[in-house]
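One structure below.
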Amino acid sequence: MEEDMENGRSYQERPRTFSTVRSKSSIPLVFRLLMRINPRALIILSLLVFSGVLYVGASTSPIVVFVFCICTLSLFFSLYLTKWVLAKDEGPPEMSEISDAIRDGAEGFFRTQYGTISKMACILAFVILGIYLFRTTTPQQEASGLGRATSAYITVASFLLGALCSGIAGFVGMWVSVRANVRVSSAARRSAREALQIAVRAGGFSAIVVVCMAVFGVAILYSTFYVWLGVDSPGSMKVTDLPLLLVGYGFGASFVALFAQLGGGIYTKAADVGADLVGKVEQGIPEDDPRNPAVIADLVGDNVGDCAARGADLFESIAAEIISAMILGGTMAQRCKIEDPSGFILFPLVVHSFDLVVSSVGILSIRGTRDPGLISPIEDPMSIMQKGYSVTIMLAVLTFGVSTRWLLYTEQAPSAWLNFALCGLVGIITAYAFVWISKYYTDYKYEPVRLLALSSSTGHGTNIIAGISLGMESTALPVLVISVAIISAYWLGQTSGLVDESGNPTGGLFGTAVATMGMLSTAGYVLTMDMFGPIADNAGGIVEMSQQPESVREITDVLDAVGNTTKATTKGFAIGSAALASFLLFSAYMDEVSSFAQLPFKEVDIAVPEIFVGGLLGSMLIFLFSAWACSAVGKTAQEVVNEVRRQFIERPGIMDYKEKPDYGRCVAIVASASLREMIRPGALAIISPMAVGIIFRILGHSTGQPLLGAKVVASMLMFATVAGILMALFLNTAGGAWDNAKKYIETGALGGKGSESHKAAVTGDTVGDPFKDTAGPSLHVLIKMLATITLVMAPIFL
C-alpha cells in the first residue's frame, strides 16, 4: 500500500477485487444434475415429459391442453428474453468484479435461507400429515371413497410441491437480477433507453417464468388428481369437489413466500439503513460509494429482498387466487346444477394463460433506440413503461371477454357470461386505479412527495411527521376503490341469472372471484415493473462503485427513482389482490367448516364476546407482526452501523482510498442476523390461528357451542385482513414516498445532496426502509397465508 502511494498510485486507480462469500455452488441440486445430462438426452427427456403432461391434460379436458400449450410457448419466450439479455456486454472489468461479488453474496444467502425454510417446511408437512390422518372426513369424501390416508398424503404432497415451486420462483427472480444488473450499468454508458429495455426484459423473464410456473403447477396437480382419482366416474369424487384438494399447494406457496419476504426484507433493509446512516449522514459520502463497508451487503440485499422474495410473493398470490376461484366456481356450478362445470372451474387457468400472452406483448412493446450508437437524452422511463402497461391492459380486456364467452356461457343463463365479463372489467379497472394511486403518492412528479421533500427543509422531525401523515392519507382511496370493486362485482354476479334449486341467486361470490382474476390478468407485466426496480437500483450501485462519469450516474439515478415508484405501485397492486383473494378464501373456509361439522355456517356474529375477542386478536396479530418485523431490521441495522463505524475508525485510510473496506464482514452480519430474526414473526403467523382455534374449540365444547372455535378463527381472519390491508397500504406508501422525497432532493432541489434538507430526507428514508421492504410486503403475504392455513387446518377447530 505504502509503495503504491509513493509511486503515485491511489487505491482509486488500482484494480479492485471484492471478497466472495460463497464457499460452494449455490445452484440448486436439481439444476446441477440437469446440467450434467447430455444435451440430446435432455431434449429427448423433455419431450417425453411434455408428452406425458399432454396425455394427462388430454385425459382431463381440452381446456387443460390449451393451458399447457400456452405455458410451454411462454417458457420458450422466456428463454428468448434470457438469451437476449445475456448477449449484452458486461462493461469494463471493474463492473464485472463488483457484479460477481453481488452475485456471490446473493446466491450464497439464497442457498442458506432456503435451506432453513425447507427444513421448517418439512416439519410443518409432518404436522399436517398427523392432523389429516386423525381428522374426520366429510360426507363428500366418504361417498367418493377418499379415505383419511389418501387425503392426508394428497394435502402434504400439494403443500410440498407448492413450497418447492415458490422456492424455484424466488431463485429465478434472483438468478436473472444478479446477471442483468451489470448489463444495465454497461448500457447506461451508451443510452438511457437501452438500459431501460435491458432492465425491463430481464424483469420480464422472471415475471413470465413465475406466472407460468403458478399456472403450470396448479394445472398439472389438478390433472394428475383428476386422472388418478378417476374423477366423475361412478362412485368417485365429483369434479366440483376436486379444487379443495389443491389448497395445500397454496399453503405451501404462502409459507415459503412469507419467510422469503421476511428474511430477504430484513437483510436488504438492515444493510441499507446501516450504509445510509453512517455513510451518508455521518461521513457525507454518496450512496453506493465504494468506501462504504456496507455497500456490497446493500446491493446483495436488493436481489434477495426485492427479486427473490417478490418472485415467491407473486407466485403465491397467483396460485392462491387461482385455487380460491376454482373452489368457488366448482361450488357455484354444483349449486346451479350446471351440466359441464369444467369451464367454471378451469376459467382462472385460462385467464392467466392469456395473461402470459398479453404481458409478453407489453414487454416487447418497450424498444431501444433505432440507432445503437446514439447517446439518447434521458427520457421519462415511467411514461414508457406506462405505455407498455396500457397496451397490456387493452389486450387483457379483449382476451378476458373471449375467455368468459368461451368458458362461462351456459344455457341456464345465456347472458351470465356478459355479467362476468363486466366483473373482470371491474377488476382490471381496479388494478389500474391501484397503480395510479400508488404512483400519485410515491412519484416525486406529484404534489404529495414534493410537499414531503419540502418538510425536510425544516428538520428531521417535520419530515417524519409529514411522511406518517402521507402514509395514513394514502389508505383512503385504495379502500374506497376496493370497496366499490367488491360490491360491484358481487352485484353483477348476483344478477347474472344463475340460481340454485330454490331459485336463489348464487353468482355473487363467483363474480367477486372473476373480478380478482381481472385484477391479476396483467400480473405478468406488473411483476415485470416490480423486478425492474431492484435491477435498476443495483445498476446504479455498480456505476457508483466503478466510478463511471456523472452522466452515466444521472441515467441510473432516473431509472432508480422510477424503480422505487414501480415497486410501490406493484405493492399496492399486491395488497388489492390480497384483499380480494382473502375474501374468497374466507368464503371457502366457511363452506369447508360447514361440510365437516354438518351444521350451517353462513355468518359470524361479532356481538358474541368470544367472537369479538377473536377479532381483537386478529387485529393485534397484524400490529405485533409488523412491530417484530421492523424491530428485526432495527436490531440488525445496529450491528451493521457499529461494524461500519468500527472500520472507519480502525482504518482511517478508507476515506482517502488508501485502505479497502472489509465488505465480507457486513455481508456475514446481515446474513446470519436476518436468518435468526425471521423466525419469530414467521412462527407467530403460523402458530397464532391454530392456538386460538384450539383454545376456543375446547371452550366451545365445554359450553355447548360446537362451532365456537371455527367462528373465533373466522373473526380473527376477518379482522386481520382488514387491519392488515390498511397497515400494509400505510407502510408501503409512506416508505416509498420517503425514498423518493430523498431522490427528489438529490436531483438538486432544496439544496441538493449534502444539504440539511438532504440529511433530513435520508433520515426519513431510513425510517421508511423497514416499512416498505420488510413489514409492508410481508403483511399482504401474511393475510393470504392466514386464509390458506385456516382452510387447511379447519378440522382441528371443530
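Here the Cβ of each residue, glycine as well, is placed from N, Cα and C on the backbone.
Here is what TrEMBL records for this protein:
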- 41-58: transmembrane segment (TRANSMEM)
- 64-86: transmembrane segment (TRANSMEM)
- 154-178: transmembrane segment (TRANSMEM)
- 198-222: transmembrane segment (TRANSMEM)
- 344-368: transmembrane segment (TRANSMEM)
- 416-437: transmembrane segment (TRANSMEM)
- 449-468: transmembrane segment (TRANSMEM)
- 505-527: transmembrane segment (TRANSMEM)
- 573-591: transmembrane segment (TRANSMEM)
- 611-630: transmembrane segment (TRANSMEM)
- 682-700: transmembrane segment (TRANSMEM)
- 712-734: transmembrane segment (TRANSMEM)
Between the transmembrane segment (198-222) and the transmembrane segment (505-527), are there three or more CB pairs that fall under 8 A, provided the residues in each pair are separated by 6 or more in sequence?
yes
Spatial neighbours of the transmembrane segment (611-630) not adjacent in sequence (6+ beyond its ends, CB under 8 Å) are 262, 265-266, 604-605, 680-681, 684-685, 688, 692, 696, 711-724, 727, 731, 770-771, 774-775, 778-779, 782
Short question: which residues 6 or more past the ends of the transmembrane segment (449-468) have a Cβ under 8 Å from it?
441-443, 734, 737-738, 740-742, 744-745, 749-751, 756-761, 763-764, 767-768
Of the listed stretches 154-178, 198-222, 416-437, 573-591, which one has the most C-beta pairs under 8 A with the transmembrane segment (41-58)?
198-222
Close approaches to the transmembrane segment (154-178) from elsewhere in its chain (Cβ under 8 angstroms; 6 or more beyond its ends)
28, 82, 85, 99, 102-103, 106-107, 110, 114, 117-118, 121-122, 124-125, 128-129, 132, 202-203, 205-206, 209-210, 213-214, 217, 221, 225, 245-257, 260, 302-304, 306-312, 314-316, 319, 531, 534-535, 538, 792
If one takes Cβ-Cβ under 8 Å and requires six or more residues beyond its ends, the residues near the transmembrane segment (573-591) are 244, 247, 313-314, 317, 320-321, 324-325, 327-328, 331, 427, 430-431, 434-435, 438, 478, 481-482, 485-486, 509, 512-513, 515-516, 519-520, 523, 526, 601-602, 714, 717-718, 721, 724-725, 728-729, 732, 777, 780-781, 783-784, 786-788, 790-791, 794
